[in-house]
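Reviewing the structure listed below.
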Amino acid sequence: MVDSSTQLLSQPNSSNSFAQQPHQDDEQISTISSIVEECIGELNWTQLLQVFLVSFAWFFDGQQTFITIFTDAQPSWHCANQTGSRFASNNSCESTTMSTKRASICELSKDLWAWDESKQVSIISEWSLECVNTIITGLPASMFFTGCLIGGIVLATLADASLGRKNMIFYSCLLMSFSSFLASFSTNIWIYSALKFVCGFGRSTLGTTTLVLASELVSKRWRGQVGVFGFLVCTLGFLTLPPIAYLNKGSSWRNLYIVTSLPGILYCILVYLFLHESPRWLLIRGRKEEAIKVLKSITSLSLTTQSDYLDLAISNIMPLKEETMKVDLYSTFKILMQNRWSSRRIMVIIAMGLGIGLVYYGMPLGVGMLSFNLYLSVTFNALLEIPSTILTFIFIHKFNRKSMLLFLTTLSGISSVLASIEVTNFTISLQLVFELVSFFCAYTAYNVLIIFGSELFPTCVRNCALSLLRQAVALGGTISPMLVGAGREHNNKFLCYGILGLAIGFLGLFGLCLPETKDKAFCDTMDEEEESK
């Protein structure tokens, strides 16, 4: 059997060809994409370990994104024993119904009712927020997503510019985890909300940079699969929250932040010590020696051939344009927006990300409106992410991206609107089914859109573009707690589920304006991407 490295060296773009055909057309031998694809070779254990290490950042992302579902929940309460006492029917604690319970608790004297569990189970009971405006109680969750939004704008270009992918992941995860740890020591909702903002600020580019780095460490054949693997890890992080919260039931909400933040800090140490930088990013930044070192550590080429091949192949890369080599904090946005095709693409995926974000983050926050067990309903939502991820893994190479997005956003919108309708006595279970279908479709659409977005833009601006997409999704997360709060306050599910459904259904139609990217190779510069259209 012929060795794979021998086959590679005998191909037109091998190192022998570079030596034997010096007058060959430059474009054939000089693109970063083609060189990196050949140098990386087939998927091996080193690449798999790197993908696993970088993708595990999604685990902590998933935990911190949805942790407020439990820490900021409205606790249950009961009427206090009043032996021998009797109250007028319009003020009696016993006359309170489930549909008016929140309003009634604020009308009762504090000696007539009590929390079912310790006051420390939620910020609502510990800080006596049961009767404040829903804008205040929803402030921590909104501040978290506001931090994601602002952080995404401020930090979006750093992974493409000065910091690179690895350092961006390290600092982002460290800031997210450390601020989450500090949140456990908050003394009031204002300090707590400020720390949630910092947590969201740090988290803002974590998932984006993780996906980009994982995709750039493997060949295009495995790009979709490693992206889906990150989504699966995020799902596992989300899925750990209900059992952790259930085990902590009756205890302080602060324990949840301690348990979920300390492992994240330890993970940052592993990233710093063992994670490799993207060879593509190193090459477009002109750091060829470092790129060769990384490629040698992850390539599937044999030890006897890799050194000469990598050195000669990378030395034949054409000099890049100055705008590609000198990308800074602001020029990345300029490069992205100065071309008509790239600015149109970014605006379209931002619009779609907003609609998907509204449903993806709004649905889990609104499950309490369905009068269903909080732990079970959140668990159902988290469990649905597993088949969603598996289906994405299976269908991402069988169907084109545009058709999948149109189908998923439309079905999610219809299901969300149906979840807001009350017709019969069986609507609680039926509404939960529609809620789960809508969440399932929104999460699957999110997975597809992230992969789609990574294929729409070249390496020099890819992280920036995906960061803007994630910030659009985060903007949806910022708005959704307000819609959920309005729905609870007015006891009107349409203000929550109805509006969410209309938004994702309408904004999903924008995907028709994008080009299809299925089976398309990564481009590394703006010129390459424009020529490939």
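Just so it is clear, glycine is given a Cβ too, placed from its N, Cα and C backbone atoms.
Note: TrEMBL annotation is automatic and uncurated.
Annotated range for transmembrane segment in TrEMBL, selecting from 42-60, 403-421: 403-421. Using a Cβ-Cβ cut-off under 8 Å and counting only residues 6 or more beyond its ends in the same chain, the transmembrane segment (256-275) has close neighbours at 50, 53-54, 56-57, 60, 63-64, 67, 70-71, 166, 169-170, 173-174, 176-178, 180-181, 183-184, 241, 244-245, 248.
Long-range Cβ contacts of the transmembrane segment (375-396) within its own chain (Cβ-Cβ under 8 Å, at least 6 residues beyond either end) map to 66, 69-70, 224-225, 228, 231-232, 234-235, 238-239, 241-242, 245-246, 363-364, 367-368, 404, 432, 436, 439-440, 443-444, 447-448, 451. When Cβ distances are compared across the two stretches, the transmembrane segment (346-363) makes no contact with the transmembrane segment (168-185), since fewer than 3 pairs at least 6 residues apart fall below 8 angstroms. Tertiary neighbourhood of the transmembrane segment (495-514): same-chain residues 344-345, 348-349, 351-352, 354-356, 358-359, 362-363, 366, 369, 401-402, 405-406, 408-410, 412-420, 435, 438, 442, 445, 452, 456, 480, 483-484, 486-488, selected by CB-CB distance under 8 Å and a gap of 6+ residues from either end. Of the ranges 135-156, 168-185, 226-244, the one with the most Cβ pairs under 8 Å to the transmembrane segment (191-214) is 135-156. With a threshold of 8 Å between CB atoms, the same-chain residues lying at least 6 positions outside the transmembrane segment (135-156) that come near it are 64-65, 68, 72, 74, 123-124, 129, 168, 172, 189, 192-194, 196-205, 208, 332-333, 361, 365, 463-464, 467-468, 470-471, 474-475, 477-478, 481-482, 484-485.
Here the domain 'Major facilitator superfamily (MFS) profile' (50-518) returns a mean pLDDT of 82 for the predicted model.
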